[in-house]
Every structure is written in structure tokens, then in C-alpha cells.
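Engineer: Have a look at this one before I ask anything.
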Amino acid sequence: MAYPMQLGFQDATSPIMEELLHFHDHTLMIVFLISSLVLYIISLMLTTKLTHTSTMDAQEVETVWTILPAIILIMIALPSLRILYMMDEINNPSLTVKTMGHQWYWSYEYTDYEDLSFDSYMIPTSELKPGELRLLEVDNRVVLPMEMTIRMLISSEDVLHSWAVPSLGLKTDAIPGRLNQTTLMSTRPGLFYGQCSEICGSNHSFMPIVLELVPLKYFEKWSASML
């Protein structure tokens, strides 16, 4: 969950998000080192009285500034590709949920059950209870089992939307006429909030997403009560 004045990411709740956090730290360190080197060279150029006006050719320098950036790019690309493949890999999901975007609400269908579907609308500010979050609470939460692989099928009934839950490392476009898929697995129970992340009209900011991750036995009780 995000909090005021937050400068970093939300706490990771899935293996994918943990990998993304490690990759961010890895890349940020490389950027920091490069920036420090560039600032150091600039400061030397501004303060030193030594100049090299007669240098016409420097093969060694050209070799270094060609090979070194290539190595740095490889160091960034390899872990990035690894995470991309991990995000696309879906092996034997335990549950499939179909998500449809609308202007301006979400519809969910548990395809493994015969008749388990519902719409999820934002609760207006005037109807919020004490302790509930403004513009983030919904009338029907998406209840899912924790520590299980879940496949999300995502599409749209009208315009472009984007189904995003930051703490799970999820962001998948909802495109009319196209069915995208992603996978999620939570390592701990709790409420996890997200929002539509694609400008979709005047009420774009009123399309929250709330996932309630619970142990399997509680999910089974909930699904039985919904049928």
C-alpha cells in the first residue's frame, strides 16, 4: 500500500515484483556510477588549467568508450530479458479470472466456476466508511487465493484501459477485441489496490482495483457463498 510522501516502490507482494525491485536497484546503481563519472570529468574540465589542443587521434580512448557502454548495456539487458520471460511464463494456473474493462468500471468472471461473475464499481466519497480510502474502495472486491498461480485474462468492452496493481508488479493493457493475459501469485494475504492506468475518458480516475488475497480455505468459503 502506498503512503503519503513515499519516494520508493510499494512493498513487493509477489515474486515478480521482488525481481523488479532488484532490477531497479541494479540499474539505479549503474546510472549513479555513470553520472558520478560524468560529473567528475566535467568538474575537472572546468577547474584544471591543462588542455590538449593537439590531440588528433586516440585509438585507445575510442576503443574504451565503444566497448565499455556495450558491456554496460549487456549488464542491463540480460536481467531485464530474464524478468520479461518470467512475466510471460504461465505454467498450469490454479485459477483463471477474466477481467473486462468498461467506462468506467471493471467486470470479473471466474471461468473455472459455472456462474461466478460480478461488476466492480468505485464507492463514492459520500458513502465511504471511516478508515476506507478515497477513490480506491470498490463495492465488490476480487477475492483470490494466496500462494497459488492465477491467470488473469484481460480485455475491454469499449476503449483502451490498463489493469494495474503496483505491489504485485502487474500492469496489462485491456484492448477491445484482444485478450491479453498475465499471471499473479501473492506471497502474503491482504488488500492490494490498483487503478486503471490508461487514459480512458472523463471518469478514468474513478476505476479502482481491489484484490483481496486470502488463504485457500477462506477463498473456498467465499466462492461457495457467491454461487
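The backbone N, Cα and C atoms fix where each Cβ goes, and this holds for glycine too.
Sharing the feature lines straight out of Swiss-Prot:
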- 1-14: topological domain 'Mitochondrial intermembrane' (TOPO_DOM)
- 15-45: transmembrane segment (TRANSMEM)
- 46-59: topological domain 'Mitochondrial matrix' (TOPO_DOM)
- 60-87: transmembrane segment (TRANSMEM)
- 88-227: topological domain 'Mitochondrial intermembrane' (TOPO_DOM)
- His161, Cys196, Cys200, Met207: Cu cation A1 binding site (BINDING)
- Cys196, Glu198, Cys200, His204: Cu cation A2 binding site (BINDING)
- Glu198: Mg(2+) binding site (BINDING)
- Tyr218: phosphotyrosine (MOD_RES)
Engineer: Is the topological domain 'Mitochondrial intermembrane' (1-14) packed against any residues at least 6 beyond its ends, judged by a Cβ distance under 8 Å, and which are they?
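Structural biologist: Distal contacts: 20-21, 24, 166-170, 184-188, 190-193, 213.
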Engineer: If you count other CB atoms within 10 A of each CB, which of His161, His204 wins among these binding-site residues?
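Structural biologist: Result of the Cβ crowding comparison: His161.
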Engineer: Grab the pLDDT values for the topological domain 'Mitochondrial matrix' (46-59) and give me their mean, rounded.
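Structural biologist: Taking every residue of the topological domain 'Mitochondrial matrix' (46-59) together, the mean pLDDT is 75.
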Engineer: Any idea what DSSP makes of Glu198 (Cu cation A2 binding site), helix, strand or coil?
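Structural biologist: For Glu198 (Cu cation A2 binding site) - judged by DSSP and reduced to three states - the answer is coil.
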Engineer: Could you tell me what the rest of the chain brings near the transmembrane segment (60-87), counting residues at least six beyond its ends with Cβ under 8 Å?
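Structural biologist: Same-chain residues near the transmembrane segment (60-87) but 6 or more away: 15-16, 19-20, 22-23, 26-27, 30, 34, 169, 182-183.
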Engineer: I'd like to confirm something. Which of the recorded positions, His161, Met207, Tyr218, has a Cα closest to the Cα of Glu198 (Cu cation A2 binding site)?
Structural biologist: His161
Engineer: Sorry to bug you, but what's the C-alpha spacing from Cys196 (Cu cation A1 binding site) to Tyr218 (phosphotyrosine), rounded to the closest Å?
Structural biologist: 27
Engineer: Counting other CB atoms within 10 A of each CB, which of the binding-site residues Cys196, Cys200, Met207 comes out lowest?
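Structural biologist: Among the binding-site residues Cys196, Cys200, Met207, the lowest count of other Cβ atoms within 10 Å belongs to Cys200.
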Engineer: Around the residue listed as 'phosphotyrosine', how many other CB atoms lie within 10 A of its CB?
Structural biologist: 15
Engineer: What three-state class does DSSP give His161 (Cu cation A1 binding site)?
Structural biologist: strand
Engineer: Over all shown protein chains, what is the count of other CB atoms within 10 A of the CB belonging to Glu198 (Cu cation A2 binding site)?
Structural biologist: 18
Engineer: Within the topological domain 'Mitochondrial intermembrane' (1-14), count helix residues (DSSP H, G, I), strand residues (E, B) and coil residues, in that order.
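Structural biologist: The topological domain 'Mitochondrial intermembrane' (1-14) comes out at 0 helix, 0 strand, 14 coil.
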Engineer: Using C-alpha atoms only, work out the spacing between His204 (Cu cation A2 binding site) and Cys196 (Cu cation A1 binding site) and round it to an integer in Å.
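Structural biologist: A Cα-Cα distance of 7 Å.
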